[in-house]
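I have placed the structure first, in the form of structure tokens, so that the comments after it can refer back to it.
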């Protein structure tokens, strides 16, 4: 029996990772207000890892309730610098401010992936990467944002390491798939255990 897989994301990057791994799936967007889910979590002292996991779980459960019998993959990623959490920048000025704030420091990417079926969580996982950014001057940041354009608005931190964003870093500790927002190896192992893919 083949299990239907659904990715609860319209992210072209996450879709490409699964397609490149030879996984057959469909996509569906979750109907949740991420900021409304996050707010009480931060007030109660949740860690950035907790927030990523809870958001991934909310997405997976929402989509699984609309796709009976399917195994749904929910994902989320948070960027934290100390106690501060960053979101995708809403405009180029916000992207510039984010880069200035994380320049010369080590921030953390927390990537969560959750599997759900029929409104119930089957499995959850969080991977962490530590990203040390070079000291960037304002001129370089401006040129970088000018070169990458709207790509700066599509990722938390205003960068993508799979493109020119890699030039922003002096050191990276963590799995590539964690950095791009989908901890693929643990996910594939769990999909095999759940008999969703051949293994």
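Including glycine, each Cβ sits where the backbone N, Cα and C put it.
Here's what Swiss-Prot has on this protein:
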| type | residues | note |
| --- | --- | --- |
| ACT_SITE | 76 | active site, proton acceptor |
| SITE | 13 | site 'Important for substrate specificity' |
| SITE | 77 | site 'Important for substrate specificity' |
| SITE | 162 | site 'Important for substrate specificity' |
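Taking the features listed in Swiss-Prot, we show where each one sits on the structure.
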{"residue": "13", "record": "site 'Important for substrate specificity'", "Cβ contacts under 8 Å, 6 or more apart": "160, 162, 180, 181, 182"}
{"residue": "76", "record": "active site, proton acceptor", "Cβ contacts under 8 Å, 6 or more apart": "34, 51, 52, 53, 55, 56, 59, 111, 112"}
{"residue": "77", "record": "site 'Important for substrate specificity'", "Cβ contacts under 8 Å, 6 or more apart": "52, 109, 110, 111, 112, 156, 181"}
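Its Cβ placed at the centre, residue 162 (site 'Important for substrate specificity') has 13 other Cβ atoms within 10 Å.
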